[in-house]
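Features reported for this protein in Swiss-Prot:
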- 33, 34, 35, 36, 37, 38, 39, 40: ATP binding site (BINDING)
């Protein structure tokens, strides 16, 4: 599906413009935000959009993917939903060890994949670390997974999307939610996109790191039956 040799479309024009054309090949894009911010919907819509265009998406699911939502997106975005479904390889992980194995196994598909998604890369890390965001063994394992995915992205010129959860940094005299893994994970991701949800359901995506665009740029989007679509500033 090499219509654009450098980016994969997310399925939302506003997000694609924000990201400089879509999700970039050859690097890792991190989506983070609080619950219901739209992380899974952005990741899944990107995967389905890739599959509908004839590309192969590998989706490591640690969150319990809704098959009904998956089917809904296929029917909305693919002219042949059954064929598109065959282009999405879903691997379920139920604990930290299974996640690590699933991430390693993505290498088996890397030579023909266009996109690898891990949703979420830090869910089991949150459980392992308890209430303290430390750089212990659990974080090192997550960092190892990210660097493995980054090496696949660079070697095979594919795109990687990982979703990340948040915590409240009470030690920083702020109630602002911050991404789990902090600077460690940000170091290994080429793009960091923060997602927020506003009253009425409108979401905002804000660039916090990008290899070619300034930090702070943002776009509004909304979640629909067909995935994700642009929203105007008047909607929130």
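Quick reminder: no glycine exception, Cβ is built from N, Cα and C everywhere.
Excluding 33, 34, 35, 36, 37, 38, 39, 40, which define the ATP site, the same chain contributes 195, 197, 203 within 8 Å (Cβ to the Cβ centroid), listed in sequence order. Counting only same-chain residues six or more apart in sequence, the Cβ atoms lying under 8 angstroms from the Cβ of residue 34 (ATP binding site) belong to 166, 177, 196, 197.
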